[in-house]
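What follows is a short report on a single structure.
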Amino acid sequence: MARYLGIVSYDGSYFKGWAIQPNLATIQGLLEQSFSLIIGRKIKVIGSGRTDKGVHAINQTFHVDINGEINLNLLIRKINQLIKPHCIVKTLVLVNDSFHARFQVKTKVYEYLINCGNLNPLQFNYVWQLNQQLDLEKLKADATLFLGKKNFLSFSSSIHTDSIRTISKITIQKETNQLVRLTFFGSGFLRSQVRMIVACLVNLNTNKMALETVAKLFEHPKKGSCVVKAPSCGLYLKTVVYEK
C-alpha cells in the first residue's frame, strides 16, 4: 500500500461543499467515486480540510492509499476525464506512509475577492459583488485586529473544542479592475472564520460596525456571535503548506 498526496482545483459553485453528503454533489464524493472506479476497489480520499458550499479551491490537498505500481500521469488523466470540467486533479506524488493531508498542515492561505466596481453578471459566482468603494488604508488598519493567536469562536459557525487559531498575516490589494483581494495566512481556520472576518472588515469600513464590537467578540467568545458573514462565492483556498 502506497500513499499519494494530491492537489485538486475546483469551482465550488457546482458543489455542495467538500465533505461527502448523501445524494449531493461534493468534491470528496466525486473524487472517491472516480478513484474507486478506476482502481477497482473502495478508495478513501482525505482532504486537508473542508470547504463549504460555493467556496472554491485553487490548490486543495488530499491523500489516497493505493495498492501496486501505478502510472501517475495516466491515473491523473483518467481521473480528470471523470471529474472535469468543474474539478481537476493537478498532481499526485508519492509520500511517506505516515503523511496525513489534514494533521500535518503548517500553513493555509485563503483569498477573498470583492468587486467594488459595477455589478458584473459574469462574476456573481466568483466574487462578492459589493458595488461600493472601500477605503483600502482603513481595511489594512482594521485587519490588524485579527492578527495573532486568538480565540476565534465568535467568528465560527460551528462548535469547536479548541477555537484558538493563529493568523500570521493578512494582505490587502486593490487591482485596476476595482477588485479588492484579501489574503489570509494561518495555521488553520475555523468554519466560516475567513468569511466572518471579511464581513466585519467591510462593515467597519462602511461604518456599520464599531471597533468596540469587534473587541467584545474576542472578549466574550461565543459560537457565531459575529452574525455577519461574507458570501461563499468570493472565497478561495489558495495554498496548503506542509512541514518538510
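Any Cβ shown, glycine's included, is placed from N, Cα and C.
If you look up Swiss-Prot, you'll see ASP52 marked as active site, nucleophile, on the strength of similarity to another entry. The substrate binding site annotation in Swiss-Prot covers TYR110.
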Discussion item. Measuring Cα to Cα, how far is TYR110 (substrate binding site) from ASP52 (active site, nucleophile) in Å?
Written reply: 13
Fill in: Local Cβ density at TYR110 (substrate binding site) - other Cβ atoms counted within 10 Å
24
Practice prompt. Write out the long-range same-chain contacts of the residue listed as 'active site, nucleophile', meaning residues 6 or more apart in sequence whose Cβ is under 8 Å from its Cβ.
Written response: GLY12, GLY17, TRP18, ARG191, SER192, SER232
Practice prompt. Indicate whether the residue listed as 'substrate binding site' is helix, strand or coil by DSSP.
Written response: strand
Practice prompt. Can you see whether DSSP assigns ASP52 (active site, nucleophile) to helix, strand or coil?
Written response: coil
